[in-house]
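Student: My structure is below; once you've seen it, I'll send some questions.
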Amino acid sequence: STVSKTSLKSSLLQLECYFTWTLLKQDVDLNDLEEKINHQIEFLIKSKVRSYNLLSYVCHLNNSNEEALRNLQKAEEVVKKKHPDEIDRRSLVTWGNYAWIYYHMERYEEAQTYASKVEKSSKKLSSSPRWKDQLPEIYAEEGWALIKFGKKYYERAKTCFENALRNEPDNPEFNAGYAVTMYRLEYPFQTPSLSVKLLKRAIELDPENTSLVVLLALKLQDLKQTDEGERYIEEAMKTTPDLPHVLRYAAKFYRRKGELDKAVKFLKKALTVTPDSAILHHQLGLCYRSELIQLKRATKYPPQEQVDELLQLSIFHFKRAIEKKTNFFYSHMDLANMYAEGKRYEEAEEIFQKAFQINILSDDDKQQLYCCYGSFKHFHLKKESEAIENYIEGLKFKKDSYYLHKCKKALKMLLEERIWRGSRDATDFGRLGLVHKLNGEKHKAIKCYEQALALYPGNEDYLSALCELRVSI
């Protein structure tokens, strides 16, 4: 009956589980995520219940509810085996997921059974209506799920782990989650670095967790403490020499250190274990690209067949990465740039257009895309006007970043050249004025806007920019 369906829905919304944590399908590549979770289930002993729960949610998003139920059964089996004394406490999220999946399958009786089960158990486990505060592992599970859904979710994940740690400040799992989240939120070369401190603390509490050890190593490398970083890498490689993501981070460490043979060796080893990993293919592409750069730096006229071979190898792996993970933004950028480098301009153009179609780009990504596309038009195709339009788009994302500076620098160069060649286009002067304004060069900006107005009297944009600048001086 409808009444029970309505009241059932409202009790389902009270549950704490993947279905109530606003994890949106459009923010991830579901196939890629599914593969990552399967790797985790295969290689990590610790978080199996969590992995099965997440996998069941991903199956639901992929419209296979039967498969979703099978994964929840596996989660229950792990709890029975590992935590026979805490079945209720460890199953609240799993049961919540059951309730929602049955609801979506229109099996309302079963959905109601699980919803009641959760309600009864949480009352038993906790004296207060804010029972989540007394069951911090639910906050932690939510935090881990949020991380998996990408950048947009990191701030929320941070809050979840902070909530979990309020009750159990020494819990290794919660400290690990918090450290990983802060590592991802931090700007890579940021000093002082909070995540170094948090990673060291998490490793103290759980010395076996080599995933944390390699992250710490990379962070130390960012902060120019390469020797200390390398000691951590070696330690992790001794403890877990075959874990794909430890191999991957070790490879990244050696690639950045310039030891490319070592990096390639680790990545190939990881690929024998997880041959479909998009990230591993991308990292291999980066290694071959670095080898190409090294080769070009070392000699003025590098042998053409060597250049071609490295180009081909990096293109091959970047392409594989995109085949495995269709909205892998960085691989699109790297592939397009390698095509351009090899003068395969039509293929480069096609990849740029595909990148514009990716629906989960952050503002940082969009800024990078406009900047790289602008450079492609500018340096490879010599289409100045189109390059300028793209650089201008890149400036619209106000964030002070590497790509913002790159767009400003390229624009300044192009516009000054045009004006020097005798341009009488007000737009050129107005845009150069904007660049000076963004660089804090107010007097130069005023001069440009005045010239723009002389060429296009009465233009509102130039007038208001001028007023604003004059007031601020």
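Note: Cβ is positioned from N, Cα and C throughout, glycine not excepted.
Pulled these from TrEMBL:
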type	residues	note
REPEAT	244-277	repeat 'TPR'
REPEAT	329-362	repeat 'TPR'
REPEAT	426-459	repeat 'TPR'
Student: Are there residues at least 6 beyond the ends of the repeat 'TPR' (244-277) whose Cβ is under 8 Å from a Cβ of it, and what are they?
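Tutor: Residues 35, 39, 43, 210-211, 213-215, 217-218, 221, 226, 229-230, 233, 236-237, 283-284, 286-288, 290-291, 294, 324 contact the repeat 'TPR' (244-277) from elsewhere in the chain.
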Student: DSSP says what for the repeat 'TPR' (329-362): how many helix, strand, coil residues?
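Tutor: The repeat 'TPR' (329-362) comes out at 26 helix, 0 strand, 8 coil.
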Student: Taking helix as H, G and I and strand as E and B in DSSP, count the residues of the repeat 'TPR' (244-277) in helix, strand and coil.
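Tutor: Residue counts for the repeat 'TPR' (244-277) by secondary structure: 28 helix, 0 strand, 6 coil.
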